[in-house]
There are 2 protein chains.
Amino acid sequence: MMQLDATRMAHTQVDATRMANAIRGLAMDAVEKAKSGHPGLPMGAADMATVLFTQFLKFDAATPSWPDRDRFVLSAGHGSMLLYALLYLTGNSEMTLDQIKQFRQVDSLTPGHPENFRTNGIETTTGPLGQGISTAVGMALAEKMLAAEFGKKIVDHHTFVLASDGDLMEGVSQEAIAMAGHWKLNKMIVLYDDNGISIDGPTSISDSVDQVKRFKSAGWAAEKIDGQDQAAIAAAITRAKKSSKPTLIACRTTIGFGAPHKAGTAKAHGEALGAEELKAAKENLGISLEPFTVPDDVLKAWREAGSRGAAARQEWEGRLAELGSRKRAEFERRLRHERPASLAKAVRAYKKELLEKPMVAATRKSSEAVIEVIAGAMPMEFLAGSADLTGSNNNKAKSATAFSAKTPKGRFIHYGIREHGMAAAMNGIFLHGGFAPNGATFLVFTDYARPAMRLAALMGAGVVYVMTHDSIGLGEDGPTHQPVEHLAALRAIPNMRVFRPCDSIEVAECWELALNRIDGPTVLALTRQNLPQLRTNAPNENPCQQGAYELVAAQGEAKATLFASGSEVEIAVAAQKQLAERGIASRVVSVPSLELLLAQPEAKRAAIIGNAPVKVAIEAAVRWGWDAVIGQDGEFVGMHSFGESGPAKDLYKHFGITAEAAVNAVLKRVS
Amino acid sequence: MMQLDATRMAHTQVDATRMANAIRGLAMDAVEKAKSGHPGLPMGAADMATVLFTQFLKFDAATPSWPDRDRFVLSAGHGSMLLYALLYLTGNSEMTLDQIKQFRQVDSLTPGHPENFRTNGIETTTGPLGQGISTAVGMALAEKMLAAEFGKKIVDHHTFVLASDGDLMEGVSQEAIAMAGHWKLNKMIVLYDDNGISIDGPTSISDSVDQVKRFKSAGWAAEKIDGQDQAAIAAAITRAKKSSKPTLIACRTTIGFGAPHKAGTAKAHGEALGAEELKAAKENLGISLEPFTVPDDVLKAWREAGSRGAAARQEWEGRLAELGSRKRAEFERRLRHERPASLAKAVRAYKKELLEKPMVAATRKSSEAVIEVIAGAMPMEFLAGSADLTGSNNNKAKSATAFSAKTPKGRFIHYGIREHGMAAAMNGIFLHGGFAPNGATFLVFTDYARPAMRLAALMGAGVVYVMTHDSIGLGEDGPTHQPVEHLAALRAIPNMRVFRPCDSIEVAECWELALNRIDGPTVLALTRQNLPQLRTNAPNENPCQQGAYELVAAQGEAKATLFASGSEVEIAVAAQKQLAERGIASRVVSVPSLELLLAQPEAKRAAIIGNAPVKVAIEAAVRWGWDAVIGQDGEFVGMHSFGESGPAKDLYKHFGITAEAAVNAVLKRVS
């Protein structure tokens, strides 16, 4: 049984303890009412949150998206009631007590885990452990880069994170802290809720990592304090703000602090305390038994904390006004994720150029060429990077220099061999604002980055994944490196756009669509191997935006339609010619985005798919998803297994992904 | 320009250096011939490998799968020529010089990355970075558990890993080393090829982690040595074998050691050296310019090293013979992954029991009940574990105690919040042999484990993933925790089996199929919420093995077929009744495994799908894949977006996944 430590409480301000208890009370009540949720974290972390929000965090509750606010990321998203309580207490206009009473109900602003796209004042969606701390690295990175560009008068804020044991056990946290340490993101401060309890019991049953030593090994400042001692917390944050390194403050806390029987145990983690324990906890903490009650003086103190930053915000607005209209407009445009007007023009001109000088190249190389055009139009906001495959992914503009702690104006990021950390950081960069981030690796390694990519889709983050080596066409590296199921697996994610362009013109068009998509992520799947330029027109209207279009019409009434994406469109065109030689007319439909085709209005979709009696899909990947286009009895020329190691041409033959196979598929039906 | 250090070479045995140079020569030649591959790692790591294989590694090249051999895992799989050279040099009967000349060609035994399912003598498939070291943790764990059970006379070997910078940058490595340190897997020894070079250049452009400190923070012994100094390597391995902790030996090496211009640079990493540099390197190293040549005396020395372990193997066989026929048979059965005869009987009896006493329960609870039956039949080999969701995943048998360093006979593993590390460790446990591993988390978090799950499918590892909370039916945790695309994304992986059983009898049947599947992994997708028992028969033949079957026949000629999986089969049955009340006959087909249904011979598949004019699929997930069953014009009742936070029943209504919706879908067509 846990008792409050009277000595310890004497060391802290009574008022501040009462303020922390207001968080505890709301958290207990909301979880109790929902009969579901996590009271333990908010109760344990209430002191940290109180110190941070009343003494340090630069924010203005009335203007939650003020650009130069400090960011607070609740990486331990299951403790969402901590955030909702803070939003309500500090005076966020939408977060009413009614919303708190609707905790975890459909359509409320208080879902089980924090959702930034739903609730104003929440910086990022968290819940899947490890994501918050890794996303925060991207926010702190964006701050550093933007500050170097626009000056500290305009950009000068901290990124605070509250992380749990689980966040630090997840592997992605290692990628994140290694990057933050390497980049010396000294304005990132992690409060680690070191409560020693996870769902299965004491963390000692599964863990014995010394987190302070671990973070130090990654270039962080790190120390351990009593996380229930508000003075100690304040002193540690003060030290952290002065450090030249990012800082971990391991705060020893008691999960479910205040609950007489469940505190310090896994029972306080993920379920309602129950009426009896709740009552006893409230008595123990000296707070009202009436649910959802905050004493007037406590609420007033919290509201004052919530408006503490108003003056700072006004001063900042003054400085922004002094910036000069042009630079100010640029800053604001960047934060809105609006593309410069010059982009569309430049891409349009480049497409015309391609028509005149067709390009035979791998689409990763076509992409490199388009990137030159894009980076020309938006050199400071186009923020590329690669997980240590820069020369293979070809997404570095010639003009871009490497970002580092010493060169914060560099616009190419060497993420290291950290696909997951890269994707999470990109989420943070986008959410922070000011940049159009894109990150690169081989398509097969989207598997490593998937949890962060899913969050991008859920949050509607407009990031771009440059995924090269997109099929068995990568050749000799073999099945561990050859994606076969990845197109299907990515297309299945709601709000994820997957483009697999077939030539240099489609590459330009898909890049433009990707950059203009600021409400969701885009995968560009690009080849290692050379492809011809197939397009013979470059209309101002972008045909890729409907997912698919007739690339080559049939000469005569079409007996078959050949659908293909990316590198297999070349095969479809060759098959079409062979069929024509046999007197069989067929259409070729290029499908740069299968899921976008399927999302078209029924009539448009039907028109694109057409009604030729035989439908063949050609894609060097598994069939999943294609039945929606070609039907159950459609012919599929593609992969039915993992790949193999060998030269690309040999593999296409080995697996029967050839024009001859497509022709035979048609001939089987047309006789 | 790099020069060989004459002083250093004087410190090492000339013969051993010539032996290492044989590896270097073969690696250079094979990559040169293939015009593709990675010469740098084998050249830099040749000294480590020579010391390990000639002085320490317990193996017998003539019997590469002798159970008590030391394991050697090349985590840096791109350096595959190191392994192939070692296999050839030590005398593996299949690894001929001809195979080495076929490096990276279709159908060779020498693919781009090592494939254990293709090449005898390779312990695990590597290439995706971080996997080897994490898989090795499972091997070392299995060794510890099996040694505790069968005694050190039968099981007593080490697990050696050669890991690269990239392996250690990948987040999964943190999960792996945290587990190994916590479990005190002192027989795991990692040689870290600390060459300071990755693809993008010096690792200093992306990394500044102190790996020695990092590993120490995770409970490892760790030291730094000169990795080109064979005496130092031998001394370090000797120390490591005496440690009570797992050991990291950071070996400072020169990538491409011996190549005069490219050594120590990224240019030596991933491409052929080119004729000129190759010649210069060979001259520098003093080896024959003739490709694929190994001097007779050097080859002889290597062959002696390869048969060094023959005596130890024979002695071990003697000890095994002394074990007693019953225990020996048990040991051998376990290593063959053969299930005990009692398993099938027990499951059969349990199914009959369920028929008599139907069970209304969440399928995760039905699974818990089946696990009691299974663990009764195979208590020591059924090796469950959870990524910190034990009480929610319900995969712990009552009799199972927790595994720990001090309780190695425990058969439940608290993996911590490490889904990826868990899945990789399970691969290692399976590959080691002796156990039927299953690991649990929420279905949505398969995203975290996906790279290791894909390797399981590629390698044909018979592991089981117990994935609970399999849809919006998990309720309040909201969209971050609700899988909607995961069934589709998993089904798309070749050789991955996904079962989503609808009631307690299907759960028993799917568990039996999963355990008997020793050539590939199985996902069991299970509900959080209660389901009725729908099956009214329990035939000895397992109807789930064909992926789908008619659960409830139509009364009269079927106008519609309702397909569903898992929790939605209940909805299909309710819809069928409502349709019957309107005089519309329909069938219900339960689809525990969509991809298994699609893999049936055409006639069988067609028979199960049937030819009722209206086809409706009901699944609380995205449509991807279902068109192959219901057709493009089929009706789908399911998810079209991410989920929401709220009670499960509210969510099913909110998203329109109800019997009424299914009835309406039929009525639209039958009028």
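Cβ atoms are placed via backbone N, Cα and C, with glycine included.
What TrEMBL says about a protein is an automatic prediction, not a curated fact.
Among B:His78, B:His337, B:His414, only B:His78 appears in TrEMBL as part of the thiamine diphosphate site alongside B:Gly127, B:Pro128, B:Leu129, B:Gly166, B:Asn195, B:His269, B:Phe445. The candidate list B:Ser75, B:Ser392, B:Ser399, B:Ser565 contains one residue that TrEMBL assigns to the substrate site with B:His38, B:His269, B:Arg364, B:His469, B:Asp477, B:His481, B:Arg528, namely B:Ser392. Site annotation (TrEMBL): Mg(2+) is bound by B:Asn195, B:Ile197, and the candidate from B:Asp165, B:Asp167, B:Asp226 recorded at this site is B:Asp165. The two recorded residues B:Glu419 (active site, proton donor) and B:Pro128 (thiamine diphosphate binding site) have their Cα atoms spaced 17 Å from each other. Proximity to chain A (Cβ-Cβ distance under 8 Å) holds for none of the binding-site residues B:His38, B:Ile197, B:His269, B:Arg364, B:His469.
Among the binding-site residues B:Asp165, B:Arg364, B:Ser392, B:His469, B:His481, the residue whose Cα lies closest in space to that of B:Pro128 (thiamine diphosphate binding site) is B:Asp165.
Counting every protein chain shown, 19 other Cβ atoms lie within 10 Å of the Cβ of B:Ser392 (substrate binding site).
Taking the Cα of B:Gly166 (thiamine diphosphate binding site) as the reference point, the closest of the binding-site residues B:His38, B:Ile197, B:His269, B:His469, B:Arg528 is B:Ile197. Here nothing among the binding-site residues B:Ile197, B:His481, B:Arg528 falls inside 10 Å of the CA of B:His78 (thiamine diphosphate binding site). Within the set of binding-site residues B:Asp165, B:Ile197, B:His481, B:Arg528, the entry lying nearest in space to B:Leu129 (thiamine diphosphate binding site) is B:Asp165 (CA atoms). The least crowded of the binding-site residues B:Leu129, B:Ile197, judged by other CB atoms within 10 A of its own CB, is B:Ile197. Put simply, of the binding-site residues B:His38, B:Gly127, B:Asn195, B:Arg364, B:Ser392, the one whose Cα is nearest the Cα of B:Asp165 (Mg(2+) binding site) is B:Asn195. Cα separation, B:Ile197 (Mg(2+) binding site) to B:His481 (substrate binding site), rounded: 39 Å. Under 8 Å, Cβ to Cβ, and six or more positions away along its own chain, B:His269 (substrate binding site) finds B:His38, B:Gly40, B:Leu41, B:Ile197, B:Ser198, B:Ile199, B:Ile255, B:Gly256.
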